[in-house]
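Taken from Swiss-Prot as is:
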- 23-195: domain 'EngB-type G' (DOMAIN)
- 31-38, 58-62, 76-79, 143-146, 174-176: GTP binding site (BINDING)
- S38, T60: Mg(2+) binding site (BINDING)
Amino acid sequence: MVNITSAEFVTSGTRPEHYPPGDLLEIAFVGRSNVGKSSLINVLVNRKSLVRTSSTPGRTQLINFFRVNGSLMLVDLPGYGFARVPPEVKRQWGPMVETYLAGRSCLACVVLIVDVRRTPAEEDRLMLQWLRAYDIPVLVVITKCDKVSKNERAKQASLISRTLGLAPDEMAFFSALSREGRDAIWARIEAIMAEGHSPSVDGAPE
């Protein structure tokens, strides 16, 4: 998927009836607000603004679907851990995201994104724990690697690995500025997809 021929927004929603049919495999992206999720998706698909970036944490409160090369769906899930949003919005986030993750049969992998400069938060640990409980393949992408030195990156990678209980092959490094890690992340995603199954339309017999 390194060669991107098309990338387009499909739809947004908060409930299953808003989702696309589910006839394409889906890769979902999740993480705390402002970890660089939108920038990661834009670089992966070679687009500057397919996914809008925002300096306001918690701005994205919908599940957004993007079709790539007509053969794969990238799913942008709302960021968590945001402080400056109404309590009711925070209460809605959990059920909305859990409904998608637990019930989407075409979901092939979740990319959990963490900032290299931060210690993983409790929400990150709980999200990873939840995904593992549902046996959903996970790739942890460590973003903003251009913001720290190589020595600091190594220290933080070790800290993130210990905090989340990750093996080296469960992590990938990324920089939106230099595009470091783009090809490696696609390779990991494609390897995970190859181990999975062909999607069936949600609600239809297997």
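A Cβ is built for glycine as well, from the same backbone N, Cα and C atoms used for every other residue.
Structure with Swiss-Prot features highlighted.
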residue : record           : DSSP class
G31     : GTP binding site : strand
K37     : GTP binding site : helix
L62     : GTP binding site : coil
P78     : GTP binding site : coil
K144    : GTP binding site : coil
F174    : GTP binding site : coil
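Remark: L62 (GTP binding site) has S12, G13, T14, P78 as non-local neighbours, by Cβ distance under 8 Å and separation of at least 6 in sequence. In this structure, of the binding-site residues G31, P78, the smallest number of CB atoms within 10 A of the CB marks P78. For the pair K144 (GTP binding site) and S38 (Mg(2+) binding site), the C-alpha distance works out to 12 angstrom.
Between the candidate binding-site residues, N34, S38, the densest Cβ environment within 10 Å is the one around S38. On its own chain, F174 (GTP binding site) has G36, L40, V43, V141, I142, T143, K144, C145, E180, G181, R182, I185 as residues at least 6 apart in sequence with a Cβ closer than 8 Å to its own Cβ. Cα of S38 (Mg(2+) binding site) to Cα of G31 (GTP binding site): a distance of 11 Å. Sequence-distant neighbours of K37 (GTP binding site): residues of the same chain at least 6 apart with a C-beta under 8 Å from its C-beta are F29, V30, G31, V51, D76, G79, I113.
Within 10 Å of the C-beta atom of K144 (GTP binding site) sit 23 other C-beta atoms, taking all shown protein chains into account.
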